[in-house]
Amino acid sequence: MSADEVNIDTASLEELRDILINKTGNTKLANRFRALFNLKSVGSEDSDKERAHKAIKYIAECFNDDSELLKHEVAYVLGQTKDLYAAPYLREVLENDNQQCMVRHEAAEALGALGDKESLPLLEKYFKEDPLLEIRQTCELAIERIHWENSEKAKNEVLEKSLYTSIDPAPPLATNDSTSKVEKLKEILNDQDKPLFERYRAMFRLRDIGTDEACLALASGFDDPSALFKHEIAYVFGQMCNPVTVPSLIKVLKDESEAGMVRHEAAEALGSIATDECLPVLQSFLNDSEPVVRDSAIVALDMYEYENSNELEYATVK
């Protein structure tokens with residue numbers, strides 16, 4: 001039986017691992033993503049810790065792959081497990097200069113999501129020394145997130161209950177009169193003199209407000225010079241699934257001068273939103289010269305088919 005014939009929803013952990021790492025050499029990328037999400041489900045939710053840790057170990061085996069898109073998703077998933085067992089795998093990726101920038105960035109962000117205090121010296125090192133701005137900025141955010149999570153301030157802040165279950169690079173700004181005003185949040189979002197962590201907090205507060213006005217305020221962030229910042233806005237749009245964001249996402253995806261990490265996130269967001277105008281746009285990028293954009297279009301179209309079929313979720317756990 002080939003990997004693509006295995007029922008991913010009933011597969012054993014070992015079968016899921018073999019699909020994820022493409023043991024046969026001919027497994028569809030979309031199926032590898034589905035296997036990843038199902039392993040994540042076990043790694044983050046299984047009450048049997050030995051089984052959960054086995055799933056995490058199997059997920060981390062994929063860091064030897066060539067696909068930048070898949071490896072960055074692997075790092076993201078490990079950060080969402082809430083299990084420090086994943087931290088050594090992520091530290092190793094951050095330290096490996098042979099890994100692509102997008103993968104190393106996601107590993108650093110995942111260490112922040114795990115709240116891993118033991119990783120602070122490593123994050124400080126790369127915040128100060130890494131030649132890549134995206135890595136330095138990610139480490140800055142991860143450091144701030146870990147400090148915030150372990151602070152008195154975090155205990156006393158009133159955060160509105162979010163619709164989203166993701167562990168984000170920064171918490172939304174605390175709820176008060178000024179953070180309920182979209183215009184004020186837009187100012188913070190776009191103020192390059194403010195700390196990046198505070199700007200991200202405004203970003204996630206706008207996401208949680210979720211109105212069309214909030215979406216358009218977020219879209220203004222696509223004018224920022226930071227690829228990291230812009231890719232996070234595209235990611236947030238993929239979570240929100242509000243069709244009002246489609247024109248700005250299409251514009252970003254079509255801009256070949258834009259960083260691959262931003263364009264790929266725009267493609268995935270369009271796949272999540274999955275309105276009729278998204279389909280031909282995504283199809284036009286199936287042969288893009290940037291591998292991570294091309295792979296994202298493939299996965300996004302697969303997501304599109306799921307969203308427009310009777311399947312309720314892209315995988316067992318999204």
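Every residue gets a Cβ built from N, Cα and C, even glycine.
What Swiss-Prot says about this one:
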BINDING   H72, E73, H105, E106  Fe cation 1 binding site
BINDING   H231, E232, H264, E265  Fe cation 2 binding site
REPEAT    70-96  repeat 'HEAT-like PBS-type 1'
REPEAT    103-129  repeat 'HEAT-like PBS-type 2'
REPEAT    262-288  repeat 'HEAT-like PBS-type 3'
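Shown on the structure are the features that Swiss-Prot records.
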residue	record	CB count, 10 Å
H72	Fe cation 1 binding site	26
E73	Fe cation 1 binding site	22
H105	Fe cation 1 binding site	29
E106	Fe cation 1 binding site	28
H231	Fe cation 2 binding site	23
E232	Fe cation 2 binding site	27
H264	Fe cation 2 binding site	30
E265	Fe cation 2 binding site	29
- [ ] Starting from the Fe cation 2 site formed by H231, E232, H264, E265, give every other residue of that chain whose CB sits within 8 Å of the mean position of their CB atoms, in sequence order.
- [x] K230, I233, A234, Y235, M261, V262, A266, E268
- [ ] Please state whether DSSP places E232 (Fe cation 2 binding site) in a helix, a strand or coil.
- [x] helix
- [ ] Using DSSP, break the repeat 'HEAT-like PBS-type 3' (262-288) down into helix, strand and coil residues and give each count.
- [x] 18 helix, 0 strand, 9 coil
Open item on the list: Please report the distance from the Cα of H72 (Fe cation 1 binding site) to the Cα of E265 (Fe cation 2 binding site), rounded to the nearest angstrom.
Closed with: 11
Task: Chain-mates of H72, E73, H105, E106 with C-beta within 8 Å of site centroid, Fe cation 1 - done: K71, V74, A75, Y76, M102, V103, A107, E109
